Amino acid sequence: MNTFGRELRITTFGESHGKAIGVVIDGVPAGLELTEEDIKRELERRMFCHIPVLNPRCEPEEVEILSGVKEGYTQGTPIAVVIWNRRVISSYYEELWMKPRPGHADFAYYLKYGRHYDHRGGGRASGRTTAAVVAAGAVAKKMLALAGAEVAGHIVELGGVEINASYTYEDVKKSWGRPLPVVDQQALDKMLEKIREAAMRGDSIGGGVEVWAVGVPPGLGEPHFGKIKADIAAAAFSIPGAIALDWGMGRALAKMWGSEANDPITVANGRPTLATNKIGGVLGGITVGTPIYFRAWFKPTPSVRKPQQTVDLAKMEPTTIEFKGRYDVSIVPKALVALEAITAVALADHLLRAGLIRRDKPLGR
């Protein structure tokens, strides 16, 4: 399906080379301030046009809110947003028709939809479709702010180069002032070199990102189905190219003795809390009030300028393809922005479920 969420539901639509990408957001209370500029601001964070090989399409985001907003405020009705596709060059993909790219969803889409799948630019499986998720995230982030919560992320690994520095949440937010959101300057320099190397080789690189959510109130999530971690993980794996996820200290935690891994419980400002936060803000599927943090990894972009073995499905014969069109050397930076967005959507959904944001009366005025 193309819908995510229970109380806050988003339905995305559109393909990479179609007329538009879009999203319908249902469940937003009336009275939330929202403009097209709010959405465009978030979309521009995913562009990275200052590093052309990360976004050769570099498409100015033309955003239109079609419904659900009047005079700068939400109406409590479904919000429909479209982002128009303008810089489309489908001719690059003509020779790839019925010749699925190794590592790409082309092959799976053929198995499911037959000849009817749209292969141009990756179609429905393109990273371009995450623009719709980012648009929904712009709304969800505003909803989180009502509860005093916010989301931010950074790149922790790219092309095998890992960060090696201690940092705080404030450092994560400040990293967005750099060419890429990386807290470690030495690692950033090496990552930029790796990007240049991949472009020269006609190849691609993967990597990992970390997303934080701070100010999230305790008590969100359910003991079994509806765990906050499960919902965020499901959302994370909806992003094209996602291959792995670590919550809190993740695999490092799995290697510890139980006595080391446990977060001691203490009292601060008259309230119980965790003295440390190795677990990443969630116990038993329920938030405990400490910061949420997790890491996700994304595979290298499947489209590369190197010969790759595939099958001509029209003839059922082996063949070789070499992509000649535009491609992102890495999807990791864009994926980070999408992961921030879908995390915000999942958390806003749970705030509505818990009654911490209500829809039965308008916000503000």
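Glycine residues also receive a Cβ, built from the backbone N, Cα and C atoms like all the rest.
Feature list (source: Swiss-Prot):
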- Arg46: NADP(+) binding site (BINDING)
- Arg124, Ala125, Ser126, Gly284, Lys299, Pro300, Thr301, Pro302, Ser303, Arg326: FMN binding site (BINDING)
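Of all residue pairs in the FMN-binding list (Arg124, Ala125, Ser126, Gly284, Lys299, Pro300, Thr301, Pro302, Ser303, Arg326), the one with the greatest Cα separation is 45 Å apart. Around Arg46 (NADP(+) binding site), the C-beta neighbours below 8 angstroms that are at least 6 residues distant in the chain are Thr130, Ala131, Val134, Pro333, Lys334, Val337, Ala338. Ranking the binding-site residues Ser126, Thr301 by how many other Cβ atoms lie within 10 angstroms of each Cβ puts Ser126 at the bottom. In the three-state DSSP assignment, the secondary structure recorded for Lys299 (FMN binding site) is coil. Under DSSP, Arg124 (FMN binding site) is assigned to a helix (H, G or I) in the three-state scheme. Around Lys299 (FMN binding site), the C-beta neighbours below 8 angstroms that are at least 6 residues distant in the chain are Gly103, Gly206, Gly241, Ile243.
In this view, Arg124 (FMN binding site) is surrounded by 19 other Cβ atoms within 10 Å of its Cβ, with every protein chain counted.
Other Cβ atoms within 10 Å of the Cβ of Ser303 (FMN binding site), summed over all protein chains shown, number 25.
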